[in-house]
Amino acid sequence: MFHVSFRYIFGIPPLILVLLPVASSDCDISGKDGGAYQNVLMVNIDDLDNMINFDSNCLNNEPNFFKKHSCDDNKEASFLNRASRKLRQFLKMNISDDFKLHLSTVSQGTLTLLNCTSKGKGRKPPSLSEAQPTKNLEENKSSKEQKKQNDLCFLKILLQKIKTCWNKILRGIKEH
């Protein structure tokens with residue numbers, strides 16, 4: 001009862017819930033000369049970019065992930081950490097082994113270069129999208145195609161943002 005009255009008296013959730021982050025990370029970016037990025041990650045990101053074939057109209061849709069997580073100043077490592085973990089979810093999709101290899105290399109390579117130590121409870125990663133109830137086989141097939149197209153759009157945007165964020169980090173290091 002005290003908890004309920006506290007929330008209603010002050011009109012806000014308990015302050016402790018607002019101030020505590022879900023998970024924070026300390027990252028120490030290794031390979032600051034850019035060699036590992038240029039020779040391994042960049043090559044694999046470009047290969048993945050070329051493997052994803054779709055119209056550019058999906059680039060106008062900005063998924064919520066990018067509204068919540070961005071490569072702002074002093075948040076680059078945190079963004080890359082989250083983005084790499086998001087890439088791991090795509091490994092569960094029905095994709096070619098070559099595609100999985102490149103995706104795994106980018107995800108694992110980024111996490112290795114970031115060298116992050118997580119301070120927080122591990123959370124189960126959310127699924128790529130929620131399951132939709134099926135009405136008939138034809139609608140189900142088209143919705144699966146649409147879901148796959150949306151996932152590939154998201155992946156394409158995510159790869160571009162990862163590349164941009166790495167370039168931002170390397171430019172900042174070279175300027176200092």
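Quick reminder: no glycine exception, Cβ is built from N, Cα and C everywhere.
Some features that Swiss-Prot has for this protein:
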| type | residues | note |
| --- | --- | --- |
| DISULFID | Cys27-Cys165 | disulfide bond |
| DISULFID | Cys58-Cys153 | disulfide bond |
| DISULFID | Cys71-Cys116 | disulfide bond |
| CARBOHYD | Asn94 | N-linked glycosylation site |
| CARBOHYD | Asn115 | N-linked glycosylation site |
| CARBOHYD | Asn140 | N-linked glycosylation site |
| REGION | 118-143 | region 'Disordered' |
| SIGNAL | 1-25 | signal peptide |
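In terms of Cα distance, none of the recorded positions chosen from Cys27, Asn94, Asn115, Cys153 sits within 10 Å of Cys71 (disulfide bond).
Close to Asn115 (N-linked glycosylation site) in the fold, though at least 6 residues off in sequence, lie Cys27, Asp28, Ile29, Ser30, each with a CB less than 8 Å from its CB.
Closest to Cys165 (disulfide bond) in space, going by CA atoms and restricting to the recorded positions Asn94, Cys116, Cys153, is Cys116. Summary: among the disulfide-bonded residues (Cys27, Cys71, Cys116, Cys153, Cys165), the fewest other C-beta atoms within 10 A of the C-beta are counted at Cys27.
On a Cα basis, Cys153 (disulfide bond) lies 27 Å away from Cys116 (disulfide bond).
In this structure, the CA atom of Cys153 (disulfide bond) is 15 Å away from the CA atom of Asn94 (N-linked glycosylation site).
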